[in-house]
Structures are given as structure tokens and as C-alpha cells.
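So the structure is just underneath, and the comments pick up after that.
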């Protein structure tokens with residue numbers, strides 16, 4: 001099992017790289033074989049150092065056998081022996097000297113093949129010339145080995161003696177005279193050293209083979225996970241595509257329903273006009289027939305016949321044509337249009353919110369490395385509408401608008417607070433209600449906005465439309481409720497508690513509680529008109545309902561050739577300007593509203609610094625005939 005391999009590394013001595021044999025623990029917390037650490041410190045001498053972390057000990061620590069580590073090593077060895085091998089692979093055996101050796105010539109006759117090498121005579125002999133080593137007592141103590149090709153390699157270059165020992169500490173073969181220089185080492189015979197190293201290498205091969213198998217399985221696992229990710233994302237993309245298809249279907253159904261209602265309204269009004277037309281045609285035909293009969297009688301010369309027919313026609317009377325007042329149901333049309341506008345606003349807001357979350361997610365690091373991640377289809381409307389419900393002001397009339405994939409909003413209620421637009425990076429962050437910005441920060445933010453270009457201001461652009469429920473009866477609204485002017489006659493709007501009754505004013509449909517918002521108004525024949533903002537609680541009746549003449553409204557006003565800024569019935573005369581477009585920047589978070597004169601560039605007209613306490617509405621005043629205020633599109 002591959003999971004045992006990391007444990008084998010943890011249970012290996014860092015000196016001999018083998019499993020612990022009688023493990024001991026140093027005061028610094030590292031484990032070694034007792035023999036390995038003892039030999040290391042004997043060679044090293046004081047001061048003593050830990051072979052792993054190199055911590056210095058002036059006095060050699062007393063080492064005790066780590067019984068817990070011994071038990072762990074024993075359990076590991078038992079698990080290694082008991083576990084079923086992954087495969088039947090075993091390390092290849094090392095070839096013996098006899099099988100590995102090639103044919104060596106006899107050093108005596110140089111023709112026959114040697115059968116033995118004498119390590120004392122330092123020569124190889126064939127069977128014939130080897131006989132003295134068996135027959136003569138003088139050669140009986142000479143050690144014989146299988147034929148060795150290069151005997152010179154076995155000789156010590158320093159002492160010219162045969163190297164018959166191996167020093168594991170220095171990793172080299174030595175002769176008996178070299179032992180003087182290796183007093184602290186633990187030399188062994190070549191056969192013993194060869195057997196030990198062969199055992200270690202066989203273990204190393206086993207571990208390497210296991211590691212290679214582990215790497216192979218890891219590669220397969222990575223490929224498998226890669227395929228799982230690909231399959232999972234394919235499914236998720238298909239689900240996402242299905243969600244968007246359903247949303248498109250909902251929008252298509254809403255469009256079809258809205259167009260059908262408009263068609264029905266058109267058919268209703270058109271049918272009434274058609275009926276009236278048929279009645280008028282019939283009435284006209286009757287009047288033309290009567291006219292022809294009268295003209296015919298007038299041509300009669302016979303008085304008796306004239307009197308007889310004239311008396312009969314005298315009883316037939318005609319009445320002037322009357323056309324009953326027939327008009328489209330503007331409330332219905334406005335409701336349908338506002339429903340579509342609300343739907344578009346909800347979608348834009350949800351998409352921006354989703355993009356913002358995605359940017360924040362990418363900025364904080366990629367957390368999607370897990371193969372099995374939670375996937376939730378995008379359904380932006382529910383949370384957004386819930387926010388809109390909580391942001392509705394108490395003075396705002398009308399029902400709240402709802403949006404869901406299955407139901408189209410029927411009408412955007414006046415007073416719905418629009419969520420603030422995302423600000424640009426150079427703008428100051430939002431101020432919380434619990435911790436208002438300091439005066440210095442507010443002043444810095446205000447100064448920052450006073451130096452912005454029109455292009456930068458348009459980053460905060462919001463679409464404003466007039467709320468016909470607030471329009472005075474002398475104010476005429478047109479162009480999809482984006483143009484206001486003074487009408488010649490009363491508009492006969494239906495009664496509404498939010499409607500202005502004293503001043504010819506109108507408010508924007510939506511209010512703003514937080515964030516930064518910018519809109520522009522085009523003035524045609526800019527005389528006797530005003531542009532500003534107000535609380536929803538501003539009076540609707542009496543002189544105090546006039547824009548700027550109360551503590552709940554702020555405006556810039558054109559009166560004849562004079563331009564003034566008004567608030568709480570206090571007037572501030574402003575320099576005249578030829579600009580016909582006014583830009584209004586409202587910063588709810590930092591408490592100020594700025595009025596700009598917009599030409600090719602923007603120029604400051606006036607600014608109010610206020611700690612706003614309620615939701616704010618765009619507000620407009622028109623008084624002079626011919627004066628028109630038009631909300632500009634971006």
C-alpha cells in the first residue's frame with residue numbers, strides 16, 4: 001500500500017538512510033540509530049552536534065532507547081510483511097563474482113585459463129600451476145578466490161598491500177596498514193560490506209519501485225481528476241445554458257404578454273373609434289340626404305307644393321356632431337412600460353453584482369481548485385427585490401414591484417430606492433451608518449469629485465424618469481415620462497397623495513438612499529424652471545411645497561435672467577451661464593450634492609454639503625409656458 005511509503009521515510013535514520021535500529025532521541029527531538037549517532041559523535045568529538053539540525057552540545061548527552069519508536073518500527077515492519085504486495089516484483093540479484101568474471105589468463109604460463117587467484121602471491125593460476133598451493137604446506141595459508149582480472153586495483157597505492165577491508169564511513173576499500181588512519185571507523189571485510197550494501201541497495205530498489213508505482217498511480221489519479229473536472233464543468237455549463245434559456249423564455253413570455261396587452265388596448269380604443277366613425281358616417285349621410293331634400297324644395301315654384309313639403313321637413317331636426325372623449329389607458333401603458341424597465345434594471349443590477357462578486361473572488365485567490373464544487377444557477381432577482389423592499393421609504397406610495405423568473409413586475413412603485421452603482425477605484429469607499437466619515441475625509445472626497453471630468457462623472461450615471469403620480473396638473477409629461485413642460489390646460493391627473501397641488505413640480509420615480517448617482521437635464525428656453533433634489537417627506541401642498549423653500553429640498557433655479565441656489569428659503573445668487581444642460585451629482589454616503597453646468601466640459605454651479613437623513617428624489621420645477629425639461633440619456 002502506497003500510504004506506508006511516507007511512513008517509511010519518517011522511520012528512517014538520516015545517517016544510514018535505513019529503518020531505525022535501536023532508535024534514540026536527541027534533546028533537540030531528532031531520532032537516529034544508536035550505533036549511527038554513537039559512531040558519529042566518536043569521530044566528531046566535542047563539541048557534539050546533532051547531525052540533522054546541527055545544535056551544539058558541550059557535554060555529550062546520555063542517549064536512551066526510544067521504546068515508542070521501536071514499537072512503531074516493529075509494527076511498520078510487520079505491516080510491510082503482512083500486506084499483500086502490489087505486484088510480484090523483486091529486486092534483481094547481484095551476479096556473483098564467479099559468474100560476473102570474464103576469463104583470466106594464468107600469470108605463470110600465460111596460455112591457460114586461470115581457475116583461482118592467490119591474494120598473497122597477487123597472481124592468478126591455472127589448474128596445473130595452482131597445484132603447489134594445494135600440495136606445499138608453504139602455500140596452504142594463502143587465501144584463494146575466483147579469478148580476478150585486475151589485481152592492481154585491489155592493491156593500496158599508499159602501502160602496496162592488498163585492500164581487504166572496507167570503511168563504510170569513508171566509502172572506500174583499505175588495507176590493514178590503513179587501519180591506523182581509520183581508528184574511529186568500523187571497517188568490515190569486503191564480503192561483509194558487499195553483503196550489507198547489497199541488502200541496502202535491494203531495499204532502496206524496492207522503495208524506488210514502490211515510489212515509481214505511486215507516481216504512476218498519482219499520474220492516473222491526476223488524469224482521472226482532470227477528466228472529472230472536464231465532465232463536471234461540461235454538466236455545469238449545460239445547466240447554466242439551460243438557466244439562461246429559461247430566463248430568455250421568461251423574458252420572451254413577458255414581452256409577448258406586454259405586447260398582447262398593448263395590442264388589446266389598441267384594439268379596444270380603435271374599436272370605439274371605428275364604432276364612432278360608422279355612426280358619424282351614417283349621421284353625415286342622413287344630414288346630406290335632408291340637405292338635398294331641402295334644396296330640392298327650395299327650387300319648387302309652386303307655393304302649395306312648397307308649403308306642403310316644407311311643413312313636413314320642418315319637423316325633422318339635426319344636431320351637431322359630438323365626438324365622445326376616448327383615450328388610451330395611460331396608467332395601463334405606464335404600468336407595462338415600467339414593468340419592463342424594472343425588469344431591465346433588475347437584470348442589470350444582478351449582472352453587475354455577479355460580476356463584482358466574480359472580481360472579488362478572483363482577487364482573493366482561486367478557490368475553485370476542488371474537483372467537486374457547489375454550483376448554484378444564477379437567480380438574481382429574489383435577493384435584489386428583497387433589498388428593494390427593505391429600502392422602500394414610508395412616504396412612497398404604490399405597491400412594491402416584484403420580479404422573479406415566473407412573474408414579470410407589473411409596475412415600478414414610486415419611492416423604490418435604487419441600489420447604488422459601483423464606484424470607480426479612485427472614489428472613496430462607502431461610509432457606514434454606524435461609523436460616519438470624518439469631516440476631513442468628506443472634504444477630500446468632495447474635492448475629488450469637483451475635479452472629475454464629465455466622462456468620469458458619467459461612470460455614476462443613472463436613468464431618471466418622471467413620476468406622474470407626483471406631477472402637478474399643469475405639468476405635461478411626454479417622451480416616455482422623460483420630458484416635462486407646462487401645459488395650456490389642466491391634465492386632469494387622478495388624485496394621489498403624492499401629487500403637487502400648489503407648485504407646478506414633479507419628482508423622479510426612484511429615490512436614492514446610498515451610493516453615488518449622476519444625471520443630466522436639458523433645459524429648453526431655460527426661464528422659470530428649477531432642478532434639484534428633495535426628501536420624500538417634503539410638503540405637497542401650500543407655499544412650503546416649493547422647491548428650495550423648505551428644509552427638505554435643495555435646487556438651482558432660473559428666474560427670468562437670474563440663476564439662484566435655494567435651500568430652506570435661503571437664496572444664493574449664482575453667476576449666469578450659457579449652458580443649457582445641468583448635471584446633478586448626488587453622493588449619499590459622504591453627504592453632498594453638486595450642480596454642474598455641462599458644455600464640452602463641466603463647470604461648478606453650486607454645491608450643498610448635507611448629512612442626509614432620508615431617501616432623496618430628483619425634483620423639477622417648470623413654470624413658464626414653453627419651458628421644457630428633458631432627462632438626458634447617457
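Heads up, the Cβ atoms here are built off N, Cα and C, so glycines get one too.
Looking at 13-54, 55-96, the range annotated in Swiss-Prot as zinc finger turns out to be 13-54. Away from its own ends, the zinc finger (13-54) comes close to residues 60-61, 63-66, 69-70, 73, 76-77, 169, 184-186, 200, 203 of its chain (Cβ-Cβ under 8 Å, at least six residues beyond either end).
In this structure, the CA atom of residue 116 (ISG15 cross-link) is 136 Å away from the CA atom of residue 277 (phosphotyrosine). According to DSSP, the secondary structure content of the zinc finger (13-54) in residues is 11 helix, 9 strand, 22 coil. Annotation: 116 carries the greatest number of neighbouring Cβ atoms among the recorded positions 116, 277 [cut-off 10 Å, Cβ to Cβ].
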